[in-house]
Amino acid sequence: MVTIRADEISNIIRERIEQYNREVKIVNTGTVLQVGDGIARIHGLDEVMAGELVEFEEGTIGIALNLESNNVGVVLMGDGLMIQEGSSVKATGRIAQIPVSEAYLGRVINALAKPIDGRGEISASESRLIESPAPGIISRRSVYEPLQTGLIAIDSMIPIGRGQRELIIGDRQTGKTAVATDTILNQQGQNVICVYVAIGQKASSVAQVVTTFQERGAMEYTIVVAETADSPATLQYLAPYTGAALAEYFMYRKRHTLIIYDDPSKQAQAYRQMSLLLRRPPGREAYPGDVFYLHSRLLERAAKSSSSLGEGSMTALPIVETQSGDVSAYIPTNVISITDGQIFLSADLFNAGIRPAINVGISVSRVGSAAQIKAMKQVAGKSKLELAQFAELEAFAQFSSDLDKATQNQLARGQRLRELLKQSQAAPLTVEEQIMTIYTGTNGYLDSLEIGQVRKFLAELRNYLKTNKPQFQEIISSTKTFTEEAETLLKETIQEQMERFLLQEQA
């Protein structure tokens, strides 16, 4: 028989009393009523906040979006395959936030800021809310510095400034992503941090973009946020806000950032899916009533900071895909009304071999020449008008056989202007090269050449100017104006190169 020793028992009781902790921990919990299609209905969670993160028993995280009288609608940030009916859920008391740091540069991450490039964890000492309020009126200043895209058609006629929001819109396969990626490539050496957000894209397309950046050395200053087409709708909905939070981190550190959303219409579709499954009432095209707010609160975060905040900037280029050129659909009209202008890419121009296929007539930048250096204003001021007149004249000339000499000359000039706007992909031009190209076209130096010779002549002229007249580039970059000296140098170079070119062609 086991003897009971009173002293041992009293020691154990004494130890337990000493270890007793009077701290009371209140956890807001609930029970899963129903789960499926990335949505869970929870009973309980009485004091949960809208947008608060909740944690399921098996570790999945969700966001409480619908707070109803008898249950809470939660969207899952994962597949949630192990969640069972009746399992417990606890509120975390936190709103979605991500870690941020310089270490994110050169990495590919998902909407939760977790690396997906297989290169290990990313160290970060601070975090930022995924949804931060946009800067107010006082903390902004008007856009005045250019953000060079390296594309003549944009920088000369639809200029983009630092802190602007410019929509890139067009049908599928018209080169929208190419315009955006070329803009990122052109930021090399410009001290601009770039964030590329891929929402609902094919994984192969994202891999292709990342490979291009790596080959051209652009990943050094770029962060790629990717949620591919097979990701849960919740993560596709969050990805743009994650990208914006990362760009804001640099903007508030007095840096310049460029963020590309490719594309917000996929985000709207993911949000529509979530909203319909949460049984929110559908509106136009079955989108929920707050789909405008979805995009406006995202794009309003792009800004040019005031001098008191360090004059950092965040430039946003959302890309929206249209169906057979229909710009009047719901999402395109929403985004057009939020942004400061749009670059319209046309399938007809693309198929006609005009690439980038920018329709200059209906593209617009509401910031205008404020986002150009003086030299570009001087040279490119009339080119948009000339091209618009040429397009009108060309349409009219199709019905008329006998045209007078002046009209024929105007048509010839317009065709050459259109030719000089063509550019190969991933071949951005410096602002000095653009000024030289436009000046050559608008002043009639190309009129004597055949249309097929224009691009070859311009490429040779750029090389000749760089090697023989480097002072031209120095004048433009130092004074930012197209001085008489620069014009004289350029005229001499064009004449010398024209003689050399014509001799080569005759030989």
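In case you wondered, yes, glycine gets a Cβ from its N, Cα and C as well.
Residues annotated as ATP binding site in Swiss-Prot: Gly170, Asp171, Arg172, Gln173, Thr174, Gly175, Lys176, Thr177. Annotated site 'Required for activity' per Swiss-Prot: Ser363, in sequence order.
Sequence features, as recorded in Swiss-Prot, placed on the structure.
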residue: Gly170; record: ATP binding site; DSSP (3 states): strand
residue: Gly175; record: ATP binding site; DSSP (3 states): coil
residue: Ser363; record: site 'Required for activity'; DSSP (3 states): coil
Beyond the site residues Gly170, Asp171, Arg172, Gln173, Thr174, Gly175, Lys176, Thr177: chain residues whose C-beta lies within 8 Å of the centroid, for ATP: Glu321, Leu345, Ala347, Phe350, Ala357
Rounded Cα-Cα span from Ser363 (site 'Required for activity') to Gly170 (ATP binding site), Å: 11
Sparsest-packed among the recorded positions, when each Cβ's other Cβ atoms within 10 Å are tallied, from Gln173, Thr174, Thr177, Ser363: Gln173
Nonlocal residues around Arg172 (ATP binding site), in sequence order (Cβ under 8 Å, 6 or more apart): Glu321
Rounded inter-Cα distance in Å - Gln173 (ATP binding site), Ser363 (site 'Required for activity'): 18
Entry from the binding-site residues list Gly170, Gly175 having the most other CB atoms no farther than 10 A: Gly170
